[in-house]
Amino acid sequence: MERAEAYGFSGAMSGAFLLSCLLFAAVSRRQRGPYMDEVFHVPQAQAYCHGRFLQWDPMITTLPGLYLLSVGVVKPAAWLLGWTGSVVCSVGMLRFINLLFSAGNFYLLYLLLFKIHQKNKAVSGFQRILSALTLAAFPTLYFFTFLYYTDPGSVFFTLFSYLMCLYGNHKTSALLGFCGFMFRQTNIVWTVFCAGNVVAEKLNEAWKIELQKKKDEKISSRKGSFSDLTRILEFLVKYLLSPKNLVTLTALTWPYIILVSLFFVFVFINGGIVVGDRSSHEACLHFPQLFYFLSFTVFFSLPHLLTPAKIRKFLLSLKKHPVQYSLVAVISLFLIWKFTYVHKYLLADNRHYTFYVWRKVFQRHELVKYLLVPFYLFAGWSFADTLKSKSIFWILMYFVCLLAVTVPQKLLEFRYFILPFLIYRLNIPFLSLHRQLMELAFYILVNAVTFYLFLNRTFQWENSDEVQRFMW
């Protein structure tokens, strides 16, 4: 990092943290007590603060990573600063943990952008800083910086694990992956993703050698034709069936293999992936979740996905491959028909944006969910088009992880899309400077509206005196 870039990054991070502190103070003044899921998380952390480590709220579905880390930070800080009484492990103190995670996420996002795009010499330090700032302000993640939720910590350890993987520190990466798993069990998928990065790199090297041997320059690991895909799949099967290759891959990925093995032991002993309230978190094959994620991605990528040039390019692709698109459309219609699930929380809780998305869009008419298929096709094409700079093996590995982390979820919840979106956004090529500025301005606008609604547009339920607030 050059000196000017270092100063610029320090200034951006300090400014963002100061602004977050001011916003944190505003949120804490307006919402002093626990809100939404905080009514479970805060008392559990406070029980740990008082040494009651065997106490557990059965409504909590995640492992105790957040509470253990909170106690590990707050208790020493209280001892050093002489804090006593109710201030130790208070709601505000516990929420502040996520503010620290937010600063850590900003730094990790910058380091990841630097590492992933290090070969692109055309990218300036200012663009890297701007992209890191934009992703740190990603609305769905940034909002939960100010509440005591697992999301900021979950993202922190997952991004840290990914960074260590890219630098080849796989034992450290697996250890950090374990920390991420302790925050949210589904993060085990991103441990598999880290292992998949190693495998994809080896596969890509072997594929290039294969092409060189056959001296067939017309075939590329990044082409999308059916014949190319068939040949790649044949190569993939042949490579993975080789004992020598399997030994090599195992030697490279053994830390991740151990962690995934421990995960399966946990699932066997626990009787499932969910801890606590399982009745509301049943796994199912909810394939439309993939379509919701693609729509979510297009919305938060409007400055660079929904452009006239992109739409023209999509229409040309549609004209060139009508049979393939028709087949994908038919499959999509079938998946929506047979595998659409509506969670009771989605219909009952009018504090979440998803409640209004579902009511205003999907419940307008029974046919709406089918009429959205053309938009899903565009979203899927745009998503794949922006990833074309990655190898086909990386794309296949990421897509498998994306399916694993979204499809089993019955509840439509935007928080579940945070990590797959960030991984995607980190790996696409850098935008032009004016589109980066547009993206940052868009995120700031969405955040401003979100916090305005949360802080000022309160309401009450008929059967409750508690103040209710709109949120992601």
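Glycine is no exception: its Cβ is also placed from the backbone N, Cα and C atoms.
Check TrEMBL against the ranges 60-81, 412-433 and you find transmembrane segment recorded for 60-81. The recorded stretches the transmembrane segment (391-408) and the transmembrane segment (289-306) share 3+ CB pairs below 8 A when only pairs 6 or more apart in sequence are counted, and are therefore in contact. Through the fold, the transmembrane segment (155-183) approaches residues 62-66, 68, 101, 104-105, 108-109, 111-112, 115-116, 141, 190-191, 193-194, 197-198, 252-253, 255-256, 258-259, 262-263, 418-419, 422-423 of its own chain, all at least 6 residues removed from its boundaries and within a Cβ separation under 8 Å.
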